[in-house]
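Taken straight from TrEMBL:
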TRANSMEM  14-33  transmembrane segment
TRANSMEM  53-72  transmembrane segment
TRANSMEM  84-107  transmembrane segment
TRANSMEM  128-149  transmembrane segment
TRANSMEM  161-181  transmembrane segment
TRANSMEM  193-211  transmembrane segment
TRANSMEM  239-258  transmembrane segment
TRANSMEM  279-302  transmembrane segment
TRANSMEM  382-402  transmembrane segment
TRANSMEM  408-432  transmembrane segment
TRANSMEM  439-462  transmembrane segment
TRANSMEM  509-530  transmembrane segment
Amino acid sequence: MAAAVQMQFTKVDYVIFALLLVASTGIGLFYAFSGGRQRTTQEFLMADRSMSCLPVSLSLLATFQSAVAILGAPSEVYAFGTQYWFLGCSYFLGLLIPAHVFIPVFYRLRLSSAYEYLELRFNHTVRVCGTVTFIFQMVVYMGVVLYAPALALNAVTGFDLWGAVLAMGLVCTLYTALGGLKAVIWTDVFQTVVMFAGQLAVIVVGANQAGGMAEVWRKAMNGSRISGLDLNPDPLQRHTFWTLGVGGVFLMLALYGVNQAQVQRYLSSRSEKEAIMSCYVVFPCQQVVLCLGCLMGLVMFARYGEDSPLDKGYVQTTDQMVLYFVMDVFSGLPGLSGLFVACLFSGALSTISSAFNSLATVTMEDLIKPQFPDMTETRATLLSKGLALVYGLVCLAMAYIASRMGSVLQAAFSIFGMVGGPLLGLFCLGMFFPWANPVGAVVGLLAGLAMAFWIGIGSFVMRMSSTPPAPPLNATSLPLLDVGGTAATLLNSSSTRPSGVHALYSLSYMWYSAHNSATVVLVGLVVSLLTGPMKEKELTPGTVFPVLGTLLFFLPERYREKLCCVTPLGQKPAEGTVQPYRRAQRDGEVVVLEEKEPGADGAHVKTDGAHVNAGRDAEHGEAGVSGPIKPSCQMSPHAMVETAL
């Protein structure tokens, strides 16, 4: 087989790539030295809860649209056709449910960390379990997100591998640690524009060289790359309408409903309405991004047909094909290759910076503050910045580990998908099933993780032990599109249908999130019933979404009370008013009720009828009241009541 062909960057390409890094750093420095200068944890971690709809929605989009998707989606469409486009059908429910279920619950509780909800609903142990699971998920993922595009760039162009890794990692760490969440969101906005520009440039120039979009479509039709609606209900089939359109809903819920990187953006919105609107704005943007990826794949097919660069040996893996295609199309057009590489690395930067910021937030809010309740605001902010810096260095270390993993690289991606499902199940257990108790939550989460790793690792080993009938064109090597390295692609080509445990290993990766979250919910409910279900009076108001009460409306009230189905969600405040909230805190044996106006320093606090000026963050009980008040994370959740008035 021929050796891989390397193409060269021009000076203009390098300049455009460098400008991306300089602009991203500049945005971080701007927010480091403007406004409140990131002096409070509210500003650094939550952007002062002052963000409007548009930047939040574009940041949500950029976090999901990683370099892996930019490289993987066109390769997927080139190899298998446009069946992947039906994933867009899952976006509707995948964003509608977070907008009207998860956001109202999280926003009205005025959380900083999504996992703070788990303590309010269950107890501190469940919160720590959720936090540690999330940290493990993101730490593994972000190193691979940093390394994979750099490796592809190095293979195709000879671009210095570790130079690209270090440049991205250090720039990302710098602007995240200096500028906080505001810098992350606004760099995401800038990077989203760059991503759109890069993909559009490839499609326009590539289609023009192929003879126009009509010719691209004709060649795709003749090559059987325009897929129809596949209604095969077999869950072992890799991509059908059901796996993509229905299984994809659970994947979207894991990403947009309960992932801290996304939840943090909702909570940074200036109002609940803005947070909900950001979900609605993301929907058409996601459809555009999906269509761009599919169109790029079709243009690739129009250029190469069945005679792919992979078959010729010009590239070694499918994730290098898109970059090879871009360099091929843009040869003789200096600067445009640099624009696409900037687009590619914008995807990586947006994903990694979101990971840094969300990891710093959950570490600070869920692990450190509960242990050091008397920490000053200045020290907490400084420590938060230090955590963002440390996670940046951890990311670089993970990139190095990824470089030594070889074929296990795909397994590292799989962990991200395998962990997301159980976390979704844990939140659904608490939010929709009022009788679920802390024991059921912990056991359910452990069962979901065990099931996820059993299927994920089993399918990976099975795929590795199988000899594929052709070069790796029939299985994308970018596992955001094939999380878990499912063996279904190989096994489905066989005439015999797998059975028993092999069928479980052959489950389409798109069903992983649904299967693993369902495991958490079912096991959690059974264990909760066996160990004593929670009662109505034990629930923290506002932590249960009253879906069961609506579904079981036909039952007599006494039965619904036994199932805890009568607790309403906290009421939304009147439009145009600042949302107050109430928190009961225990100081020795005295319960102190506080009513606060969140989101601004110097908010007034009512304590037993007396107004006391709170000079600190009202979010975490750091009010300037006389006498020490324990922060909420140190109490039993049943001693704390937090609900919208």
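Positions of Cβ are set from backbone N, Cα and C atoms, glycine also.
No curator has checked TrEMBL annotations; they are predicted automatically.
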Candidate ranges 53-72, 128-149, 239-258, 382-402, 439-462 - greatest C-beta contact count to the transmembrane segment (161-181) (under 8 angstroms):
382-402
Look over the recorded stretches 14-33, 84-107, 279-302, 439-462, 509-530 and say which has the most C-beta pairs under 8 A to the transmembrane segment (53-72).
279-302
Assess whether the transmembrane segment (279-302) lies in contact with the transmembrane segment (84-107), where contact requires at least three Cβ pairs under 8 Å among residues 6 or more apart in sequence.
yes
May I ask you to check whether the transmembrane segment (84-107) and the transmembrane segment (239-258) make contact, with contact taken as at least three Cβ pairs under 8 Å and only pairs 6 or more apart in sequence counted?
yes
At a threshold of under 8 Å on Cβ distances, which of 14-33, 239-258, 382-402, 439-462, 509-530 pairs most often with the transmembrane segment (128-149)?
382-402
Can you work out which residues elsewhere in the same chain, 6+ from the ends of the transmembrane segment (382-402), have a Cβ less than 8 Å from its Cβ atoms?
38, 41, 44-45, 139-140, 142-144, 146-148, 150, 165-166, 169-170, 172-173, 176-178, 180, 352, 355-357, 359-361, 363-364, 368, 375, 409, 412
